[in-house]
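A.B. asks: Input: one structure, supplied below.
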Amino acid sequence: MTQEVDTVERAAATPGQPQPYRELGLKDDEYERIREILGRRPTDAELAMYSVMWSEHCSYKSSKVHLRYFGETTTEKMREIMLAGIGENAGVVDIGDGWAATFKVESHNHPSYIEPYQGAATGVGGIVRDIMAMGARPVAVMDQLRFGAADAPDTRRVLDGVVRGIGGYGNSLGLPNIGGETIFDASYAGNPLVNALCVGVLRKEDLKLAFASGAGNKIILFGARTGLDGIGGVSVLASETFGGDESGAGGHEAGGGAGPSRSRKKLPSVQVGDPFTEKVLIECCLELYAADLVVGIQDLGGAGLSCATSELASAGDGGMRVELEQVPLRAANMTPAEILSSESQERMCAVVTPENVDAFMEVCRKWDVLATVIGEVTDSGRLEITWHGETVVDVPPRTVAHEGPVYERPVQRPDTQDALIADTSASLPRPATGEELRATLLAMVGSPHLCSRAFITEQYDRYVRGNTVLAEYADGGVLRVDEQTGRGIAISTDASGRYTALDPYAGAQLALAEAYRNVAVTGATPVAVTNCLNFGSPEDPGVMWQFSQAVRGLADGAAALGIPVTGGNVSFYNQTGTTAILPTPVVGVLGILDNVSRRLPTAFGSEPGETLILLGDTHDEFDGSIWAEVTAGHLGGVPPKVDLEREQLLAEVLTAASRDGLVSAAHDVSEGGLIQAVVEAALAGETGCRIVLPEGFHDGTGVFVFLFSESSGRVLVAVPRTEESRFTAMCQARGLPATRIGVVDQGPEGGEPTVEVQGQFTVGIEELRRTSEGVLPGLFG
């Protein structure tokens, strides 16, 4: 060893030695609290551990007081389906027939701005390991992406790297990417959002949890070697705001520069991923689980070994001793603090009984996975870490992992909120003639907000493994879980920063309602929720008001729907200088299908001459709409009303209709309104349709409202002609508005199918396709 190690003994003897705690993200009072806990100054290694584990990213210190509301609103009935919930690596729910599903979404926002490819790739890798750590086989991924304006100079650099990173890592793992969203808005220019979701399946009896139990049990680190990449990732990169000088710099071509000047200094904080190592690690873990060789397990993600050791020890019934020099390294002369803080990817930490160590190692050798015993469980109640025989960490593990600082940040509704709400879309000029309506449709379909995402999704493998039932053009992805019975799951993620900016409580509920509805339109029964809450700086009282309102909206909404929030993630400091992103609570909903053969597609045309029926009510609701953005760059007013009872009724009707074969296709009505849903379903089915205006929408701007309103709680369904009377009777009996609005029409033989709005305009399918599919290649191709 070439440098003196800061041991516990030395720390006790040098109480006045200056320490760089502020540079590591700790505040003065936090540092003093650490000294009180230990009765001395921390060693360098202890300081590193506390700084990463007490970071905003790991400790939830600003959000914890609000997140408790999820638990307070979860009833015992809602808990019945949960096998693991908030506090575990991922939520796990019972999906029937002895099967369970686990799912979670996490952010990798700041790393994906600084080094888009690796930031996005390791975001996928990290969430996949969270799912692995529950004892499950990962089976699919989804992503929620937010970029700056599509024509902004730096958007090309970020989008290109992010999409290649997601595709490169997920495709190499053999995981289908079954859906998501890509949204463009100027507020994300210096702070893109990359939220990755993974879902896994397991038999209920195979569930694994993160705890270190049984004195004498061994701690085994397995997977990749530990290097210098990712150090400071959670304490610096994910827990502070980008400076105001960091937007818009850097190279714009793939591989052409890592971004802004200050951000270049943070490059070591971006992890480097190897999907092929992770693929082998997945198979190795599954074999270890099958042989019952694991007592407890934790992945190494944010905060690396600091997190894995402290969380395992804290959740267990004793303590832990670790010999840090046993950790396999890939960089020379790493210090204990660096080893503990490294966020090198593709690593796991397992608790194994002594008699199973040899068998564990044999499985790892079979898969060519490096595995090393680095310590053991003790009954001391402390986490002790040594370096070549000298103690460098001696702490109560709960103070590191679970008893960090908790802040009740000031919460203040912004003074600007009233003016934002008062600035409605009512004064914006509305199209009135058929020609104007047609031009409006083409402008919206041809905008980056609503155009085809095929340029992005075609870079992902959506059908690898052979169990993807719905992915392309679908509202929610559908996967087969059991090939014998056909049991499956559906999943969707949604968010609206625009609605949440206008009303955070309603915005979160609108995101929940849309994700719930998107699962329901597949024919699945929605059963559980996860989330990723992306907001600006928690030090801004206005941001904390947005956050607290969104949490309450989401929790109250889940309680109203009777489905539990199983876990989630909070990402603060998403802002550049003083400019925050649109508040973006991403909501994921999981649903169950008894048999995936009865899933409902999006595409029209599976039955000749299908009747088109609109479920739900249409109101004059354009505040926060895509129409207002595309035609006027406007954001203001009050978002659409949420009716969660109506959402439940819609789900019940759609589930029954899919079971009884009454509906041949279904599509959620959301951004862009009914006409956008019609166009998407027609393009998916490569067919045309005729739309007839219902009563009450013929005069004045009624046609515009009918076609473009973004009223919530609506679904467009295609019904076989033979089942129309049965289906409408069922809707009537249940009190669900069902309006016949047209028919699917292939057009004249040999002619081009069209979308016709009777008495208003006609547009050809090919013109719609060209308009929609040409946008992103034109910008980023």
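Every residue, even glycine, has its Cβ placed from backbone N, Cα and C.
In case it helps, Swiss-Prot gives these features for our protein:
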type: REGION; residues: 1-23; note: region 'Disordered'
type: ACT_SITE; residues: His57; note: active site
type: BINDING; residues: Tyr60, Lys104, Asn531, Gly568; note: ATP binding site
type: BINDING; residues: Glu106, Asn569; note: Mg(2+) 1 binding site
type: BINDING; residues: Ser107, His108, Asn109, His110, Arg129, Gln271, Glu343, Ser344, Gln345, Ser571; note: substrate binding site
type: ACT_SITE; residues: His108; note: active site, proton acceptor
type: BINDING; residues: Asp130, Asp299; note: Mg(2+) 2 binding site
type: COMPBIAS; residues: 245-259; note: compositional bias 'Gly residues'
type: REGION; residues: 245-269; note: region 'Disordered'
A.B. asks: Please classify the secondary structure at Lys104 (ATP binding site) using three-state DSSP.
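C.D. replies: Once the DSSP labels are grouped into three classes, Lys104 (ATP binding site) ends up as strand.
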A.B. asks: Long-range same-chain neighbours of Asp130 (Mg(2+) 2 binding site), Cβ under 8 Å, sequence gap at least 6?
C.D. replies: Asn89, Ala90, Lys104, Glu106, Cys198, Asp299, Gly301
A.B. asks: Inside 10 Å of the Cβ of Gly568 (ATP binding site), count up the other Cβ atoms and send me the figure.
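C.D. replies: By my count, 25.
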A.B. asks: Since the record lists Glu106, Asp299, Glu343 as binding-site residues, which of them has the fewest other Cβ atoms within 10 Å of its Cβ?
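C.D. replies: With the binding-site residues Glu106, Asp299, Glu343, fewest surrounding Cβ atoms within 10 Å: Glu106.
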A.B. asks: Helix, strand, coil residue numbers for the region 'Disordered' (1-23) per DSSP?
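C.D. replies: Taking each residue of the region 'Disordered' (1-23) in turn, the totals are 6 helix, 0 strand, 17 coil.
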A.B. asks: Of the recorded positions Tyr60, His108, Asn569, which one sits closest to Gln345 (substrate binding site) when you measure Cα to Cα?
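C.D. replies: That would be His108, nearest by Cα distance.
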A.B. asks: Count the Cβ atoms, other than its own, that fall within 10 Å of the Cβ of Gln345 (substrate binding site), considering every protein chain shown.
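C.D. replies: By my count, 29.
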A.B. asks: Rank aside, I only need the closest one: which of the recorded positions His57, Ser107, His108, Asn109, Arg129 has its C-alpha nearest to that of Gly568 (ATP binding site)?
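C.D. replies: Considering only the listed recorded positions, the nearest one is Ser107.
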A.B. asks: For Asp130 (Mg(2+) 2 binding site), which of the three DSSP-derived states applies: helix, strand, or coil?
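C.D. replies: DSSP call for Asp130 (Mg(2+) 2 binding site): helix.
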A.B. asks: Express the distance between the Cα positions of Arg129 (substrate binding site) and the residue listed as 'active site, proton acceptor' as a whole number of Å.
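C.D. replies: On Cα coordinates alone, these residues lie 14 Å apart.
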A.B. asks: Which entry in the list of binding-site residues, Ser107, Asn569, has its Cβ near the fewest other Cβ atoms, using 10 Å as the limit?
C.D. replies: Asn569
A.B. asks: Which residues, same chain and not among Tyr60, Lys104, Asn531, Gly568, have a CB within 8 angstroms of the centroid of the CB atoms at the recorded ATP site?
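C.D. replies: Output for this site, in sequence order: Ile86, Val105, Glu106, Thr530, Cys532, Leu533, Gly567, Asn569, Val570.
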A.B. asks: Whole-number Å only: compute the distance from the Cα of His108 (active site, proton acceptor) to the Cα of Asn569 (Mg(2+) 1 binding site).
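C.D. replies: Here the two Cα atoms are 11 Å apart.
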